[in-house]
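*Asks:* Copied straight from TrEMBL:
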- 115-218: domain 'Fe2OG dioxygenase' (DOMAIN)
- His133, Asp135, His189: Fe cation binding site (BINDING)
Amino acid sequence: MSGDGLLPRERTEVAPGAVHVPDWLGPMEQRELVASCRAWARGPVPMRHTRLPRGGVMSVQTVCVGWHWRPYAYSRTAPDVNGERVAAFPPWLAELGRRAVADAYDDPAAGAAYEPDTALVNFYDSSAAMGMHQDKDERSDAPVVSLSIGDTCVFRFGNPETRTKPYTDVRLASGDLFVFGGPSRYAFHGVPKVLPGTGDPATGLAAGRLNLTLRTTGLPG
Ligand SMILES: O=C(O)CCC(=O)C(=O)O
Ligand SMILES: [Fe+2]
């Protein structure tokens, strides 16, 4: 995939506190994550298109682990889906998050201090997209760790003030890590498009794109 991206495929600080690390997950880790996501997608709360407060539905499909996200709220159960409690957040996923933060920031202490307690697993088919938004339903300034598997997408990473320019378009390919924290924690970001057919079916994902974001909700227990 090198050579056709919008940025070189090297570790890049896209904005202060926002770091792209290409090819961070190896092939085996990608396969294992796809298998875990498939299991979470089945239940106890199935993957679904999130309903928006004004009546629309997101084109992306989402399943949550640890805490259930819906616009403006985290809860342990999923009142907008089937009322069940979401799957527990596994210790290995928190450990993966700590490694991600340590590597992205080249800061072992920042990694060790990271305690994510929720993951949002998004599946994009070839026509799905996500508009510019801030991740601000968490009550913690801890970084967001984003992992991508499957088809490459254009990830638009902007600034905390406006949903418009200045922003940078980054190609997130299978295995890529993107961490945003510090001055970029509340930057607007979105996924204008997925590039169909760019993923490797050896990940276990025949088509489409998976994205996991690990976050710290800041909510009690
Ligand atoms: O799919 C992505 O890369 C970003 C997902 C995202 O911004 C979110 O779930 O809030
Ligand atoms: Fe987001």
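Glycine is treated like the rest: Cβ placed from N, Cα and C.
Structural setting of the listed features?
*Replies:* Per DSSP, the domain 'Fe2OG dioxygenase' (115-218) is made up of 6 helix, 45 strand, 53 coil.
Sequence-distant neighbours of His189 (Fe cation binding site) (same chain, six or more apart, CB under 8 Å from its CB) are Met132, His133, Gln134, Asp135, Phe155, Arg156, Phe157, Gly158, Phe180, listed in sequence order.
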*Asks:* Go through His133, Asp135, our binding-site residues, and report the one whose Cβ sees the most other Cβ atoms within 10 Å.
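*Replies:* Ranked by Cβ atoms within 10 Å, first place goes to Asp135.
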